[in-house]
Amino acid sequence: MARSPRRAGAPRLQLPLLCLLLQGATAILFAVFVRYNHETDAALWHWGNHSNLDNEFYFRYPSFQDVHVMVFVGFGFLMAFLQRYGFSSVGFTFLLAAFALQWSTLIQGFFHSLHGGYIHVSVNSMINADFCAGAVLISFGAILGKTGPAQLLLMTVLEVALFGINEFVLLNLLQVKDAGGSMTIHTFGAYFGLVLSRVLYRPQLEKSKHRQCSVYHSDLFAMIGTIFLWIFWPSFNSAPTTLGDGQHRTALNTYYSLSASTLGTFAMSALVGERGRLDMVHIQNAALAGGVVVGTAGEMMLTPFGALAAGFLAGTVSTLGYKFFTPILEAKFKVQDTCGVHNLHGIPGVLGALLGVLVVGLATHEAYGEGLGSVFPLIAKGQRTAMSQAMYQLFGLFVTLMFASVGGALGGLLLKLPCLGSPADCQCYEDQVYWEVPGEHEDAAQGPLKAEEPDTQA
């Protein structure tokens with residue numbers, strides 16, 4: 001049945017109107033609230049007695065560059081494995097991250113850098129905003145191919161707000177340690193997306209099952225994303241940590257953990273694979289689990305051996321998750337996790353939080369010496385014992401899971417609004433629904449889609 005002109009025109013205007021509305025509202029809020037901080041304001045910086053080389057830009061910007069590449073290149077290409085959804089994977093990653101970094105600058109600014117009624121921004125604001133965008137993209141991975149761009153933008157509005165609140169509760173109120181974001185980024189983003197996917201469950205998704213797979217070149221593009229993420233992950237985990245030994249130690253622990261998770265992934269993939277063959281899905285994803293698992297404990301005295309052990313465990317568990325748990329997740333729990341974020345970010349994120357609990361509980365003055373104050377200031381001041389700090393870390397994990405679950409459920413209800421126009425079951429994982437695809441005539445490409453029922457939407 002042909003759509004009425006009104007219904008046909010609505011999706012055409014939906015995305016541009018929403019983009020204009022969100023950008024306009026954000027710009028107004030920036031004009032009212034956002035100002036340069038003392039290291040970026042020309043008058044304030046030159047008023048002080050210091051060298052230009054003392055500016056924090058020179059210490060933080062290299063890390064920011066690496067994080068920026070991870071968000072826009074790494075995540076985008078990692079999700080480009082679907083044979084008919086490469087434009088959307090990379091393009092919608094670009095769109096969501098570009099909006100999320102603006103919106104999160106405001107949300108995080110209200111919680112962390114509001115002084116005199118203004119939000120003061122710096123290179124640290126850019127790093128933190130990219131971290132928030134990373135959490136959004138993790139959630140995007142769980143619902144990849146099953147939602148439209150307007151739905152994704154509204155998801156970003158809600159998730160960024162909840163991310164900021166959860167981060168404030170953990171880092172400021174509970175004062176837990178989570179520099180690399182095992183809890184605030186990976187666990188939150190994964191379970192927000194998984195609950196969202198459960199609410200948006202599509203019982204008739206089998207109609208698009210033939211497109212929910214990769215081809216040789218799409219897997220190769222995804223592997224490019226993996227390599228970018230793998231190379232820059234030490235910068236990701238160490239970017240917000242204390243300059244000096246803390247940042248150095250975080251990068252080192254992440255470096256070793258990633259290498260061990262890669263070996264664990266190859267070993268387990270060959271072990272569980274048919275006739276001992278490697279599965280590219282495992283290599284693309286589980287090899288990165290080592291970066292996730294040391295997100296919390298990376299700046300602590302984890303030891304190089306501890307980093308290797310944690311990384312190997314994460315890579316092994318993640319691979320087993322892709323092989324055995326993902327099918328159960330869909331069949332028994334009705335969670336259609338397109339990218340397997342539960343295996344790459346969810347389980348390793350929880351393991352990383354628990355690893356943090358263990359390492360914090362073992363912290364002593366003898367192990368940290370004078371550096372105890374920079375890693376665990378409350379323990380150094382005698383306001384908390386190592387065990388009580390460990391309990392706060394554990395409570396922070398539960399708080400994160402609560403915010404993610406409630407937020408994902410609310411997001412799912414929001415995205416189910418009929419006016420948002422999600423793709424039909426037979427049109428999921430298909431670029432041509434939203435993009436001009438070169439070399440394909442629209443009627444020829446859409447022919448098989450139109451033969452299916454068009455109104456079975458989430």
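Backbone N, Cα and C atoms are what each Cβ position is placed from, and that goes for glycine too.
Here Swiss-Prot flags 1-13 (among others) as topological domain 'Cytoplasmic'.
If you look up Swiss-Prot, you'll see 14-34 (among others) marked as transmembrane segment.
The transmembrane segment annotation in Swiss-Prot covers 62-82 (among others).
DSSP states for the topological domain 'Cytoplasmic' (83-90), grouped as helix (H, G, I), strand (E, B) and coil, give 5 helix, 0 strand, 3 coil. Summarising the annotation, Swiss-Prot assigns topological domain 'Cytoplasmic' to 83-90 (among others) and lists sequence analysis as the type of evidence.
Per Swiss-Prot, transmembrane segment is recorded for 91-111 (among others). Counting only same-chain residues 6+ beyond the ends of the transmembrane segment (91-111), those with a CB under 8 A from a CB of the stretch are 22-23, 26, 29-30, 33-34, 71-72, 75-76, 79, 119-121, 125-126, 128-130, 132-133, 136-137, 140, 149, 152-153, 156-157, 160-161, 163-165, 167-168, 172, 435.
Residues 60, 63-64, 67-68, 70-71, 75, 79, 82, 85, 88-89, 92-93, 96-97, 100-102, 104-105, 107-109, 112-113, 152, 155-156, 159-160, 163-164, 167, 181, 184-186, 188-190, 192-194, 196-197, 200, 208, 211-212, 236, 239-240, 335, 337-342, 345, 408, 428-430 of the same chain sit 6 or more residues outside the transmembrane segment (125-145) yet have a Cβ under 8 Å from a Cβ within it. Annotated transmembrane segment per Swiss-Prot: 125-145 (among others), in sequence order, evidence recorded as sequence analysis.
Secondary structure by DSSP for the topological domain 'Cytoplasmic' (146-151): 3 helix, 0 strand, 3 coil. As annotated by Swiss-Prot, topological domain 'Cytoplasmic' applies to 146-151 (among others).
The transmembrane segment annotation in Swiss-Prot covers 152-172 (among others) and rests on sequence analysis.
Under the heading transmembrane segment, Swiss-Prot lists 180-200 (among others), citing sequence analysis as support.
Taken together, the residues of the topological domain 'Cytoplasmic' (201-219) have an average pLDDT of 89. If you look up Swiss-Prot, you'll see 201-219 (among others) marked as topological domain 'Cytoplasmic'.
Look at Swiss-Prot and you will find 220-240 (among others) tagged as transmembrane segment, backed by sequence analysis.
Feature annotation from Swiss-Prot assigns transmembrane segment to 251-273 (among others). Panel annotation: around the transmembrane segment (251-273), residues 180, 230, 233-238, 279, 282-283, 286-291, 293-294, 297-299, 302, 304, 306-316, 318-320, 323-324 of the same chain, lying at least six beyond its termini, place a Cβ under 8 Å from a Cβ of the stretch.
For the topological domain 'Cytoplasmic' (274-279), DSSP puts the residue distribution at 3 helix, 0 strand, 3 coil. What Swiss-Prot lists as topological domain 'Cytoplasmic' is 274-279 (among others), and the listing cites sequence analysis.
Per Swiss-Prot, the feature transmembrane segment maps to 280-302 (among others); the stated evidence is sequence analysis. Sequence-distant neighbours of the transmembrane segment (280-302) (same chain, 6+ residues past either end, Cβ-Cβ under 8 Å): 78, 81, 177-183, 185-186, 214, 219, 222-223, 225-226, 229-230, 233-234, 236-238, 241-242, 246-247, 249-250, 253-254, 257-262, 264-266, 268-269, 310-315, 317-319, 321-323, 339-340, 343-345, 348-349, 351-353, 355-356, 358-360, 363, 367-368, 375, 393.
Among the features that Swiss-Prot reports, transmembrane segment is placed at 307-329 (among others), with the record citing sequence analysis.
The topological domain 'Cytoplasmic' annotation in Swiss-Prot covers 330-343 (among others).
The list of residues near the transmembrane segment (307-329) in space but at least 6 beyond its ends in sequence, with Cβ under 8 angstroms from a Cβ of it, reads 252-265, 267-269, 272, 279, 281-282, 285-287, 289-290, 292-294, 297-298, 335, 337, 340, 342-344, 347-348, 351-352, 355. With respect to Cβ pairs under 8 Å, the transmembrane segment (180-200) is most closely packed against 344-364, considering the stretches 14-34, 152-172, 344-364. The transmembrane segment (220-240) shares more Cβ pairs under 8 Å with 62-82 than with any other stretch in the list 62-82, 152-172, 344-364, 394-414. Packing against the topological domain 'Cytoplasmic' (201-219) from elsewhere in the chain are residues 80-86, 145-146, 280-281, 284, 334-336, 338, 425-430, 452-453, 456, 458: each is 6 or more residues past its ends and has a CB under 8 Å from a CB in it. Mapped onto DSSP classes, the topological domain 'Cytoplasmic' (330-343) shows 7 helix, 0 strand, 7 coil. Sequence-distant contacts of the transmembrane segment (152-172), counting only residues of its own chain at least 6 positions beyond either end whose CB sits under 8 Å from a CB of the stretch, comprise 18-19, 22, 92, 95-96, 99-100, 103-104, 107-108, 110-112, 132, 135-136, 139-140, 178, 183-184, 188-189, 192, 196, 396, 399-400, 403-404, 407, 410-411, 414-415, 420.
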